[in-house]
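Q: Below is the structure I would like to discuss, written out as structure tokens.
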Amino acid sequence: MTKSSAILFILLFSLLFKLEEMRVALVLVVLLIAGGLFMFTYKSTQFNTQGFVLVLCASFLGGVRWTLTQILMQKAELGLQNPIDIMFHLQPLMFLVLFPLFAVFEGLPLSISEKLFHFHEAGMLLCLVGKLFLGGILAFGLGFSEFLLVSRTSSLTLSIAGIFKEICVLFLATHLLGDHLSLLNWLGFAVCLSGISLHVILKAINAKGEKALNLNEEASSDPDLELLLHHAERGEEEEEVETIQQH
């Protein structure tokens, strides 16, 4: 439930860094999605202050991370629009930050594991390496698609896409794992989907408006096309005059 605040932080930093314009429709979309996700995941559970603070900090840092990533990727002078370029520069830093945590929490169990360093059968080792390789490919594809989406749209759109994924996971859990959802949970599901649908509709309308604006700018910047349109308008006016004279 606390994790549903991530989209609020992303909206906040997008407005602070002037990546998004303050619009009533945008605020409504975010409130619908965050509120709907909160209701959809609402359950009576034991509250843990430390866990609450950690998840809230993670949501806050996630908002900072993706808004700064959008700034890096959408600045033409930096030349980082390609997802491969941004991954080439960021992934080594991410590895250096995560490796100490890996060494502390997983280093010792991994070093004495019979599946890796103390294996008895080559087949077991090859199976484990194959799984790690497959996981690496999937992680690379996920990172590539995330950075591509941010470069073409915005960090807010990425967050909404991630929330749609979480809704699908929770929805499948009710059918495959038998999780029970209350009336409040289903109401939150509907509210969250309505917010996502509204965001998609607004994006489509904005894209159509930008496309029409670009076509008008191209037409006005092309003298040959402008001259052709001018002749066409004059031809239509002459035809109207001839029609009036005939009547």
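Keep in mind that glycine also has a Cβ here, set from the backbone N, Cα and C atoms.
Keep in mind that TrEMBL annotations are predicted by a computer and have not been checked by a curator.
A quick note: this is a predicted structure, and the numbers were derived from the prediction, not measured.
Checked TrEMBL, it gives:
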- 3-198: domain 'Sugar phosphate transporter' (DOMAIN)
- 21-40: transmembrane segment (TRANSMEM)
- 52-72: transmembrane segment (TRANSMEM)
- 93-110: transmembrane segment (TRANSMEM)
- 122-144: transmembrane segment (TRANSMEM)
- 156-177: transmembrane segment (TRANSMEM)
- 183-202: transmembrane segment (TRANSMEM)
Q: Is the transmembrane segment (183-202) in contact with the transmembrane segment (21-40), using three or more Cβ pairs under 8 angstroms as the rule and ignoring pairs under 6 apart in sequence?
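A: With 3 or more qualifying Cβ pairs, these stretches touch.
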Q: Grab the same-chain neighbours of the transmembrane segment (156-177) for me: Cβ-Cβ under 8 Å, and only residues 6 or more beyond its ends, written as numbers and ranges.
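A: Tertiary neighbours of the transmembrane segment (156-177) are 4, 6-7, 10-11, 14, 20, 26, 29-30, 33, 37, 40-41, 66, 146, 149-150, 189, 192-193, 196, 199, 203.
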Q: Could you tell me the mean pLDDT the prediction assigns to the domain 'Sugar phosphate transporter' (3-198)?
A: 81
